[in-house]
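Under the heading Zn(2+) 1 binding site, TrEMBL lists A:Cys440, A:Cys443, A:Cys480, A:Cys483. What TrEMBL lists as Zn(2+) 2 binding site is A:Cys449, A:Cys452, A:Cys467, A:Cys470. Sequence annotations record features per position, and here TrEMBL assigns domain 'Helicase ATP-binding' to A:213-379.
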Amino acid sequence: MTDDSRPGRPAPVRSAPVLVPMPAERPYTYQVPDGMDVAPGSIVRVPLGPREVAGIVWDSATDPVDPKKLKPISEVFDCPPIDQETRRFVDWIASYTLSAPGMVARMLLRAPAAFDPEPWTEGLRRTDAVPDRMTSARARVLETADDGLAWTRSGLAHAAGVSSTVVDGLRDQGVFETVMIPPRPVVAVPDTGYARSELSADQQAVADALRAAVDNGGPGVTLIDGVTGSGKTEVYFEAVAAALDRNRQALILLPEIALTHAFLERFQDRFGAKPAEWHSDLPPRMRERVWRQVAEGSVRVVAGARSALFLPFQELGLIVVDEEHDPAYKQEDRVPYNARDMAVVRGHIGGFPVVLASATPSIESRVNADQGRYARAVLSARFAEASLPDLRTIDLRRAPPARGGFLSPALLTEMRNTLARQEQSLLFLNRRGYAPLTLCRVCGHRFQCPDCSSWLVEHRFRGQLVCHHCGHHEKRPDACPECGTFDHLVACGPGVERVAEEVVGHFPDARTIVLSSDLLGGVKRLRLELEAIANGEADIVIGTQLVAKGHNFPNMTLVGIVDADLGLANGDPRAAERTFQLLSQVTGRAGRTGKKSLGLLQTYQPDHPVMRAIVSGDAEAFYQREIAERERAGLPPFGRLAGIIVSAATRAEAEGHAWALRRAAPAAADIQVLGPAEAPIALLAGRHRFRLLVHGERRSDMQGFIRALLAAGPKVRGSVRVSVDIDPQSFL
DNA sequence: AGCACGCCGACT
DNA sequence: GTCGGCGTGCTC
């Protein structure tokens, strides 16, 4: 804020830097009209080009701007300002991810209607007056409203079981007076003493350590490493309680899909109230109320997906990142960040502890713990041991499925037994659709995506061929487009739809359900289906990785992994880690009730370290091996080598861009070329057909690359994306 | 990111 | 003759 008024001259224009939700490198300067007060953090409405936008008054000065260009701030919203910690957090993320601060600020301003206070609503309260005549309807209303509290007109009518005209009549006679009711809280205040969990000695020790960390107000990260059923949730609930006891807000981050009814209930069982929810499926009105009430401090605990990190907390005192290894914490588009790492940063800035929890921690968190940057708390499996599933591999070389099928006789036998016991089976296959490749048996033609050259996946339910990279889809033809032969197209390999077909063939009377992310009806439908399964409304579930998370299925005693090798073959240095995490989670779906339960992994590589780790339960050996393997390969345990990945619609196109870049920007020498099948889907989703993905072990390396790239011209500028796989060590 | 301006292909 | 595609440039 400049206010260098000098006597005797016309008052100079007061101005303020404002961060607008746009990819500008610095805040813009706006005129502050006379009589208006703004401070850093104030949320304001400002003119920007042809429209008006919400922006945040910022701390840093801007470059001098021609005073004639300055436009005045239109309005200061009646809203608690964004606190200084959050503003530093925005600057930090912008600098770290090499994105524009305005774009980071945009993530804070995602609830436009919440900048104005929630309106008070009209309510009715009983007066001493008596009605002229008494009727049974009127009597019911009076009885209902006898509590002396304010009721809404329709709420009262509904509660009394009468039409609202009855209430209107009583109001007109003065039996009710109109009062204004403040906005209703979205959730009740949690009570830390509501129902303390019974903790084992192990759990209690970890809970005590977390409570001490919260009480001492010191920053620091604790990795809770505990197998499914070891009580991680109960333990970190005690950390949440500690933060609440100290009058601080708490944030629990969960992968989107894990935010289920079941989790909220579990929280309610401990605290007597639900946490506020925050995820992409929240209705707009609720979204605004949650945002506003977080800003005002009336919401004390939020359970949310990664974007909850950008809620306007005023007194945040703890962040818990559950399932910290989950790739869903990564945002790849726009501002690329990993919410788990940004949570660590937020804790550091705010001077409060952060808890990471997982049954299968990421390698980078394990290394950070091993090297002493994070504290590590291992929860033993003692609680869970009794109900741990019996895990075995099925060697597909020795016991292959019947011709044309994908389920081995051993798995089918166990499914039959499970059905006979009226328990549930889960078949896991991480591939949507019917078949991943379609070819012509006559001429060998393979169906390829015209836009990005990867194989088209047949979706038989929809009668379409779909590209899983760019979303291209076409009707499945009856004749080969190459040789014109009819009825000789053959589907190669299994997808969940095809496995479902096989299951129905074997068990026609079983209730079978397929769950994958292309399920019609979106997240809401999915949550309903998951709850239906938990309630026993299906016998056999066939699902992609979304069945791995979030929900407990109390009657699910058999888990079959249709293709445990899937995902090990690609060149990703994280392939083994990811597969281990995924298979651990899926097999963990079996047996959480103390019933005898079984997990069967169909594989061609029963001796692969991932299979051995899953079957033996020896995760420690697996982690040490993975860490050593990366060191041996010259890869850092975190992220990938610094460098640039050029990705385009086709590999040839990418090679062309890479060639041009090497010439234009010799400093950016370490250029890798990826075809569409190897590059993240997000890269190909945009309008531009190529992207540069800058991966870095060190941020300084990437800055060098990016400077060189920007020098290569504006066409490149629009295509640069910075990877989220940046060295997490530099956070601390 | 939005939005306007501006230049080349198929159509009420 | 126009409608409309997306490439380019600008926003205090």
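Backbone N, Cα and C atoms are what each Cβ position is placed from, and that goes for glycine too.
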Exercise. Does A:Cys443 (Zn(2+) 1 binding site) have same-chain partners at least 6 apart in sequence with Cβ under 8 Å from its own Cβ, and which are they?
Worked result: A:Cys480, A:Glu482, A:Cys483, A:Thr485
Exercise. Which state, by DSSP, holds A:Cys467 (Zn(2+) 2 binding site): helix, strand or coil?
Worked result: coil
Seminar exercise, completed: Here the Cα-Cα span from A:Cys449 (Zn(2+) 2 binding site) to A:Cys440 (Zn(2+) 1 binding site), rounded to a whole number of angstrom, reaches 16
For this session: If we count other C-beta atoms within 10 Å, could you say which of the binding-site residues A:Cys449, A:Cys483 has the fewest?
Result: A:Cys483
Exercise. Looking only at Cβ atoms, how many others are within 10 Å of the one on A:Cys480 (Zn(2+) 1 binding site)?
Worked result: 21
For this session: Measuring Cα to Cα, tell me the gap between A:Cys467 (Zn(2+) 2 binding site) and A:Cys440 (Zn(2+) 1 binding site) in whole angstrom.
Result: 18
Seminar exercise, completed: Sparsest Cβ environment (other Cβ within 10 Å) among binding-site residues A:Cys440, A:Cys467 belongs to A:Cys440
Seminar exercise, completed: Per DSSP (three-state), A:Cys440 (Zn(2+) 1 binding site) is strand
Seminar exercise, completed: Averaging pLDDT over all residues of the domain 'Helicase ATP-binding' (A:213-379) gives 92
